[in-house]
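Asks: Can you keep this structure in mind? I'll have questions shortly.
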Amino acid sequence: MVLQLRVYVPEHPLVKHWLAVARDQNTPSVLFKTAMTELGRWLTYEAARQWLPTLETSVKTPLAECAATFIDPSVPIAVVPILRAGLALLEGAQSLLPLASTYHLGLARNEETLEVSCYLNKLPASFDPATRVLILEPMLATGGSISMAMAEITGRGVDPTLIRLISVVAAPPALQKLSQNYPSLNIYTAIIDEGLNSGGYIVPGLGDAGDRAFGTY
Ligand code: URA
C-alpha cells in the first residue's frame with residue numbers, strides 16, 4: 001500500500017476571512033491573535049472529522065429512546081503547540097477539545113542557519129499508543145521544526161496515522177519533507193503558498209507569526 005501525505009485546505013469562508021485578516025500587514029497584534037484563535041478553532045473542527053474517537057450508545061429523550069454518539073472519553077487526546085507561534089492556535093483548539101492534555105514543545109530556529117533547536121520539551125516519556133495527537137504549528141516553512149516535533153512525538157509511541165497537524169500557511173519545502181518522512185500524516189492548513197524567501201520566510205505568508213501574535217516586532 002502506498003501512503004500519501006494528505007493536505008486539506010478547507011474551502012470555508014470563515015477560514016478565508018481570518019486568513020485574510022492574519023495576512024494583512026496593517027492588522028494589529030490584538031486582532032492578529034483573534035484571527036489565529038479563530039483559525040485554530042475552524043481548522044481543529046475540520047481535523048476532528050474521522051479522528052476523534054466516538055462511542056455508539058443510546059439516550060432517552062423525554063419522549064423515547066434513540067441512538068446516540070458521544071466522544072469516547074477513554075481515548076487520550078493530546079494537543080502539542082509548537083512554541084512560540086503555535087500558542088496562538090491553542091485557545092481555538094482547546095475550545096473544541098476541552099478534555100485534551102496540552103504538552104508544550106518549544107523549538108527555536110536560528111535565523112541565519114535556519115537550524116532548529118529544542119529549548120522546552122513537556123512531552124511525556126511515552127504516550128498511550130491509542131493517543132490522538134493534534135500538533136499546532138502555524139507556519140510550515142522549511143519543515144525543520146515540524147520534522148523535529150514529529151520525531152519527538154512518534155519516538156514516544158504515537159502512530160503517525162493518529163496525528164493531525166494544523167497550520168495556517170504551508171509551503172512546498174515543508175510538505176515535501178513531511179511527505180517523504182511521514183506519508184500517512186494528515187495536514188489541515190488555511191492555504192498553501194508559493195515558496196520561501198532567502199531568509200526562510202514564506203511568501204506571501206504572513207510574516208513572523210510569533211512576533212505578530214505576541215507584539216514583539
Ligand atoms: N515562521 C514564521 O513565523 N513565518 C514564516 O514565514 C516562516 C517561519
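Keep in mind that glycine also has a Cβ here, set from the backbone N, Cα and C atoms.
Caution: TrEMBL annotation is automatic and unverified by curators.
Pulled these from TrEMBL:
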- 9-216: domain 'Phosphoribosyltransferase' (DOMAIN)
- R84, R109, E137, P138, M139, L140, A141, T142, G143, G144, S145, D208: 5-phospho-alpha-D-ribose 1-diphosphate binding site (BINDING)
- I202, G207, D208, A209: uracil binding site (BINDING)
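So where do these features actually land, and what's packed around them?
Replies: Note on the domain 'Phosphoribosyltransferase' (9-216): mean pLDDT across this stretch is 97.
Taking Cβ-Cβ distances under 8 Å and a sequence separation of 6 or more, the neighbours of D208 (uracil binding site) in its chain are Y201, Y217.
Secondary structure from DSSP puts A209 (uracil binding site) in a helix.
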Asks: Which residues in the same chain, at least 6 apart in sequence, have a Cβ under 8 Å from the Cβ of M139 (5-phospho-alpha-D-ribose 1-diphosphate binding site)?
Replies: A85, S167, V168, V169, I202, G205, L206, A209
Asks: What residue among the binding-site residues G143, G207 has the most other CB atoms lying within 10 A of its CB?
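Replies: Top count of Cβ atoms within 10 Å goes to G143.
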Asks: For the binding-site residues M139, G143, I202, D208, A209, which sit with their CB under 6 angstroms from an atom of ligand 1?
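Replies: The binding-site residues passing the 6 Å Cβ test are M139, I202, D208, A209.
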Asks: Taking only same-chain residues 6+ apart in sequence, whose CB is under 8 Å from that of E137 (5-phospho-alpha-D-ribose 1-diphosphate binding site), what do you get?
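Replies: Same-chain residues close to E137 (5-phospho-alpha-D-ribose 1-diphosphate binding site) (Cβ under 8 Å, separated by 6 or more) are I82, A85, G86, S145, I146, A149, L165, I166, S167.
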Asks: Within 10 Å of the Cβ of I202 (uracil binding site), how many other Cβ atoms can be counted across all chains shown?
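Replies: So the Cβ neighbour count for I202 (uracil binding site) comes to 26.
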Asks: Rounded to an integer, what is the Cα-Cα distance in Å between A141 (5-phospho-alpha-D-ribose 1-diphosphate binding site) and G207 (uracil binding site)?
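Replies: Between the alpha carbons of A141 (5-phospho-alpha-D-ribose 1-diphosphate binding site) and G207 (uracil binding site) there are 11 Å.
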